[in-house]
Structures are given as structure tokens and as C-alpha cells.
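Listed in Swiss-Prot:
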type	residues	note
ACT_SITE	Asp411	active site, nucleophile
ACT_SITE	Glu464	active site, proton donor
DISULFID	Cys193-Cys617	disulfide bond
Amino acid sequence: MSRSEKLTGEHLAPEPAEMARLVAGTHHNPHGILGAHEYDDHTVIRAFRPHAVEVVALVGKDRFSLQHLDSGLFAVALPFVDLIDYRLQVTYEGCEPHTVADAYRFLPTLGEVDLHLFAEGRHERLWEVLGAHPRSFTTADGVVSGVSFAVWAPNAKGVSLIGEFNGWNGHEAPMRVLGPSGVWELFWPDFPCDGLYKFRVHGADGVVTDRADPFAFGTEVPPQTASRVTSSDYTWGDDDWMAGRALRNPVNEAMSTYEVHLGSWRPGLSYRQLARELTDYIVDQGFTHVELLPVAEHPFAGSWGYQVTSYYAPTSRFGTPDDFRALVDALHQAGIGVIVDWVPAHFPKDAWALGRFDGTPLYEHSDPKRGEQLDWGTYVFDFGRPEVRNFLVANALYWLQEFHIDGLRVDAVASMLYLDYSRPEGGWTPNVHGGRENLEAVQFLQEMNATAHKVAPGIVTIAEESTPWSGVTRPTNIGGLGFSMKWNMGWMHDTLDYVSRDPVYRSYHHHEMTFSMLYAFSENYVLPLSHDEVVHGKGTLWGRMPGNNHVKAAGLRSLLAYQWAHPGKQLLFMGQEFGQRAEWSEQRGLDWFQLDENGFSNGIQRLVRDINDIYRCHPALWSLDTTPEGYSWIDANDSANNVLSFMRYGSDGSVLACVFNFAGAEHRDYRLGLPRAGRWREVLNTDATIYHGSGIGNLGGVDATDDPWHGRPASAVLVLPPTSALWLTPA
């Protein structure tokens, strides 16, 4: 019997086992059954359309009705080969016929090189391969537009595309797996350009789940969880900024950062509204950068963005991805750098997201002692798996390239570095050398940092890392992790402990303000007064200050001046720049009304504005932040008076003398050693009346004489206002 004879009548159907897998949604190659297949002098077209009442193949001007065989499978044998093109006309009960190209007529949209690079973990533009991508193909019957879908699920028994386009039916759009790659793929013609979709995954554990696309560029607004097909037609206007970025080294430049939670800065604003209002505010306040709490999509607003489910999608709460691009663009055109918080340490266990994606531990480590973060109830990425490492490294590059982000602040680095992080004895598995270091996480961080700085020169990567791990900001080629900077958590804790004490007791804790200089140049530091310090019952910076409102305001002003004068870059969480009194909550906006009700808030806000202006104009405050040449003590030991004083030096030869009186009383006739005689101008006095202070000071400057003091050749006699900071420069 010839092949053509077999393909008649009941022989149009595939083998029963093949048919059973197709109906069950567990066929690994539905394209091998569906679509057009040539057999000697016949061509068979099969279409799997459950719930359809009629399917017709349109070949040129000819119509061929497909026979319904079983369970929604339709087929017809055409009496010729070399079929060039065709369309399917599908009719559902109660609906008009609609004509579409056959999805199972198209070749794979991924190439062997892409799959090879992914398997090795080295595809630097992986987001262009996996996920959902609108495409067009030219065929004999015209251009076919649609969307190609690709998802990695190597252990799945089957994967189908579901969405609004098919009524979330898991049968009509089964996907094929591309060899040993574990990538399932399908091109679907006429898919809506902003259509919602998920993947129905038949897991290796026998459980069927509907999953959001790990590479989705867009999502439904939470709490809805579907992915959305998204493409960009945004035209950037920040060419000058991007060209300049490639030439910069942020470590040696001014960097004062305003940390923002977009949803509660001013509730109700979209990305494009923020592009106007937030940009104007940051420019007015003089910050050089803004750092956004995680903007990647997250279902639970109470996580502040730190439990991410869609790593490639800006949250849809405030608009589209192009709307987010507009926000970044506006900030760049105003001269503001943009940093985003990035969370590669862990991810939530939501059943529709990454966890046990194909019925096995896929993105997470298979050993529960390594694959779960007990404190947060989340999964930990398997940093040693090439495809997972590629998912994360490519994600970092995606934000830097596709959204022009200037920096990534990597969250919870300590939890990545240590296998025993927050684990009880016996609750962790040592590395191959018997140690507690997570060697795979170390290698991942090194690869991420090296690749990010190679692909996007001039960007900054910042580690939130609170342990003594050595070499966090050391280059990877000499064994470091390769971060540009790390948060100085020790400085933050010591400083806040000190300033929260009554001035009467501060002299006994003077070391808390001097200890940071013992290690200030061991890494490249950011000095954070972040969101973590104004939540969970910690109050606010204002609330930590002792005394009445006048004393609290003076304390906060002196703290901020100390932060900006200390070696390191600055980060300040929103609301603290005007002394917000209520603890922050993501559920409500900042207390902007304080600026209308009391002068203290206005004074603090103006101080921050002036400090930023002075900071940018004085390289002594930033150009040698990471070297001992940029700093020297004038007097570190005046604990009796609660006074600290030091010099800052710039790479241009500039100098700045900084004096801090943390006592509750003023000091008159306070002699300060200086490097040269002559007039020294008071560029900052935090007790000035313009900041709602008491107005005690030095009438704008002092005259230094050739009287040695503090081991220096000259000195000047100053008045130090209570709880204040003075900055002086040669006139």
C-alpha cells in the first residue's frame, strides 16, 4: 500500500498514541502532526480546533473542507504536493467564519546559535529570543503578522499557549520543544499586539499550572497575573546623556541620590506624570541621581517591589513600558541619573510565576537547604545553572540597555554570598570545599558585574551588603565581586545610634562617629539613609532626634550635613529631605502638608537643596571619595565637647574644612587648626535662620592666623552653634 493510499478515510488521523498526547496537551512536537505534510503525491492538512464546527483550507481560489476526525482534530488530503501557501477558515458555533494563517505551517523562530548560547548561559540579549515577540513573515498569499512565543521548561510534559485569543483554552495552541534545549516555541498569526497570554504547563510532577511568561515585557495590573504582548516604538531624546555616560566613572564624580517609592511619593501619578513632577522636584532639590525601589512587576504591593514575578516587565501600576521609558528619558534630559533596585537573590512562591515552573525546581536550587529563603518565605535562584544565570545576567543588561538605566542597586547580596545566611545549625549545605561561601553566587555576581560594565560603560552597580566580605568593590580580574560601590551599613548604624542619643551622653559614644574612618577607603561606599530606616517601628530620621522640635530640627540638619561631608556617596529616602514626622507606609503618600504648616520642614528642605548645590560645586566633597588623599582629621578626639572636625580635599587641589558640634550648647572661642592663614568663607552653617535655625554663627567667615593648632600651621577661632555643622573654604 502506498503512502497516498494510507492517507485516506480513517488514515488521515495520526497514530492513536500521538493523538492521545495531542489531546492531553503533552505532545512535544504538535507541528509534526498539525499543519501541512506531504506524502508522495498527496498533501495532508490537519488542524486541531476543539469547539469549531467547520474548518476549511483555502488554497488559492479553491476550498477544501477538513473532516472532523475526533476530539477537535480536522484533516483533509489534497491530491497534490508542493503546496505553496494556504489559509484556514474556521467557524465556531454562533460566530462568523474567520480566516487565519495556520500557526503550524511556520518554521521555528529560534536559531541553533541562540539555543546554544542559552544552554551555555552566555546569551547577552536573551530577551530578544525568549518571551513574546511580534513578527511578520512574507508568504505567497501575503504578509502574515503575529507573535512568536518561546519559554524554557525542559522537564515539562507539554506546554500550550493560552490567552484571550482562544478563550484561555489549553488545547488549541500546543507548543513544540526545540530539541534538547528545553525551549518550547510557537508562532501564532494574528495574535493581538497587546493581547494577554499565559503558558499552560503540564509539569513533570503531573500538576497542570497556568504560568506567566518569565520574559514578559508587560503584564496585567495586579492583582491580575497574565502577561501582555508588548513592543516598543519609543523614540529616545537622551542621546547626549547616553554619550556622556559612556565616558564617565561614577566613583570619581558627584553622586547624591534621592530614593523613591513611585507609588507613594505622590499617589495616583502615572509614569508620564512622574516624568514631569518628580523630575522637576529632583532638579529643584539638586540631587544628581534618583534610585527607584524595584519597578519590575510584583503582585504584592506590600513587598515594595522586592518580591518580583516578572523580571522583564516594569510594573503596569503606573503605565506601559514606553511610559516608563518616558520617565527615564525626562530624568536624563534634566541631567538626573537613574538607578533601580534589582532583586536577583530570591523570588516569591506564587504558583503562576517562576517557582517549580515545569513541575521541578527549575529557577530555584533543588536542595531546599539552598533553594529556599526561610526569613522571607521565598525561593533562591540556582546560580550554578547556566540557563538561570543567563536569565539574571541578561535581565541586568535588559534594564541597562532597553530602558537606559544608569545603575543597579543589588538587593540582599549578603543572603546570596553565604550558604548559612539566616539558617540554623544543620539547616544549610556546605560548598565543595566545606565552607559557607556560595561559590556559584560569587561567580554569578562577578559575571553580572563584568558583563554589565563591558556592555554599558559608565553605569554603576551597588551592593546592599552588610558583612565584612572582602573585595565587594574590587575588580573581578583581581578576585573581587566587581561592584562599583556598596552600601556602608556600619556607618549608617553607628551614626544613627549616636545622633539618637541625648547630647548629654554623646561624649561617651564618640567612637561611634569616628570608627567609620578606620575602614572608609577599604571599599567604594554609599552612605545610605534609606527606606529601611523609616519603617517597621523605627520611626523617621526626625523622630530619632532627641529634644523638642527646635532641637530635633537642628539634629536632623546636622546629621544631613555630616552625611554629605563624610567620604562616600549619599542616599536619602524620600520625605526625609523635609523631615517627615510619620513613619513611611507604601499605602499612603508623603506628608507634603508639613511644608505648609511649619518652618522646620521648609528649613530642612532648603538645607538639602543648598547642600546639594554646594556639594556639586566642590570637588573636595566627591572627587577623592575612595582614597585617603581625600580626607584628614583635624581633631577626631574632642569627645568632651562632642565636636568632630576634618578636612576634605579635591583632585583639583580644592579644600573644605568641616566642623560638627553635636553638643546641645554652642561653643564660643573654639580654635580650629587649618592648613593656611587668611580668610575662610563659611559656605554652610546649618544653624542659619534661612534653615529655621537660631542664627548663631561667624558672620559668613573667619580669619585664620599663623598660629599652629591641631598639628596644622594655621588656626581660626570660631563660634560653633549648638547641634550644627559648619563648612569652610578659603576665600
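Cβ coordinates are placed from backbone N, Cα and C, and glycine is handled just like the others.
Note: the residue listed as 'active site, nucleophile' has non-local neighbours Pro294, Tyr306, Asp341, Trp342, Val343, Pro344, Ala345, Glu464, i.e. same-chain residues 6+ apart with C-beta under 8 A of its own C-beta. A simple way to gauge crowding: the CB of Glu464 (active site, proton donor) has 20 other CB atoms within 10 angstroms, across all the protein chains here. According to DSSP, Cys617 (disulfide bond) is assigned to a helical segment. Other C-beta atoms found within 10 angstroms of the C-beta of Cys193 (disulfide bond) number 12, with every protein chain shown included.
DSSP gives the residue listed as 'active site, nucleophile' a coil state; it is part of no helix or strand. Packing around Cys617 (disulfide bond) is summarised by its Cβ count: 11 other Cβ atoms lie within 10 angstroms of its Cβ, all protein chains included.
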